[in-house]
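Report on the following structure.
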Amino acid sequence: MTANSLLGRSILNEGRSNKRSFVSLIVGLIVGFCLAELFVYSTPERSEFMPYDGHRHGDVNDAHHSHDMMEMSGPEQDVGGHEHVHENSTIAERLYSEVRVLCWIMTNPSNHQKKARHVKRTWGKRCNKLIFMSSAKDDELDAVALPVGEGRNNLWGKTKEAYKYIYEHHINDADWFLKADDDTYTIVENMRYMLYPYSPETPVYFGCKFKPYVKQGYMSGGAGYVLSREAVRRFVVEALPNPKLCKSDNSGAEDVEIGKCLQNVNVLAGDSRDSNGRGRFFPFVPEHHLIPSHTDKKFWYWQYIFYKTDEGLDCCSDNAISFHYVSPNQMYVLDYLIYHLRPYGIINTPDALPNKLAVGELMPEIKEQATESTSDGVSKRSAETKTQ
């Protein structure tokens, strides 16, 4: 065999070897990518939780899995509905007249079609009056264009302008005033039931109570909070004009800032739990509260929640009021499960309505220890709650 033929065979073998190496590399990359995808989608949801930044309340800081909000657009057409012929809604109709609730929804132009209209088509229609607060008008939503910019840094400013608008135009149209986000789902009938004994002239507000930053606690913005008419009056007339009582610039977390303002004008942070000590306002979707160990005990929520909270079915009142981070599609699912699905042969008899309270009087709080916290910036609080 000549030297030239040996050289040619050597080059050929080297080429085949390089080709096999290249193919092996490609196969390895494909397998590695597939394994990585499998690992990501099989990892428990709590691995995606982000640490909470107490000075920034937002999606990236909350215990909400990113995949839960993928289908944000919701249905293009109204899903429709039907009446229940034998349904007895006498009490709900009575409360609709006696406990008037104005619901205002924090939204923005990019969410008008994506989120806000689905609030209007589902739970929003059960409010006595529904108003969308944005920075641009919208004929379908009848949205109010507030004189404030969009973005997280303007949420406090938008909240102030919203309540000023409500006080000027609608203060006598309702007894209670609910603020909710465009991804909050609210069972309005249950809220009326909770509010029924209270006078709207009592300076009080209710929601999911957190304990840092404000001595008496403050209500989570995402879960929604509801102010009495007197609370709105004090906020707009007494707190907002006074920079010593209320932050004048637009920066800051809106739920914390309004909590400080309301405390400064002696509006009480009420206890919204039921008689069994179960919560009614929730900052996450039902799954996150109902499934034990869904959230790591080191997650910020457990340090922020004001009252001791159980996991599992005991987490939540049978008369729960709100959940947060609800996608548009989930709103229709919840609407069906709550207002249409019926187990045959089981009739739910509502509890008797409680007695009315005098102006300034509150229901006694559940006697128990408030939760403690050791996180930076979170005040420790373990004294037994007192009857107000």
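Yeah, the Cβs are placed from backbone N, Cα and C, and that goes for glycine too.
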Looking at the UDP binding annotation from Swiss-Prot, with MET106, ASN108, GLU150, GLY151, ARG152, LYS158, HIS324, TYR325 already listed, which candidate in ASP173, ASP175, ASP181 is the matching residue? ASP181
Hey, what's the Cβ neighbour count for CYS103 (disulfide bond) at 10 Å? 27
List of residues, in chain order, with Cβ under 8 A from that of CYS261 (disulfide bond) and at least 6 apart: PHE235, ALA239, LEU240, LEU245, CYS246, LYS247
Hey, of the binding-site residues listed (GLU150, ASP181, ASP183), which one tops the CB count within 10 A? ASP183
Lowest 10 Å Cβ neighbour count of the binding-site residues ARG152, HIS324 is held by ARG152
Spacing of the two Cα atoms, HIS324 (Mn(2+) binding site) and GLU150 (UDP binding site), in whole angstrom, works out to 20
What does the structure give for the C-alpha distance between GLU150 (UDP binding site) and CYS316 (disulfide bond)? Integer Å is fine. 34
Greatest inter-residue Cα distance in Å for the UDP-binding set MET106, ASN108, GLU150, GLY151, ARG152, LYS158, ASP181, HIS324, TYR325: 20
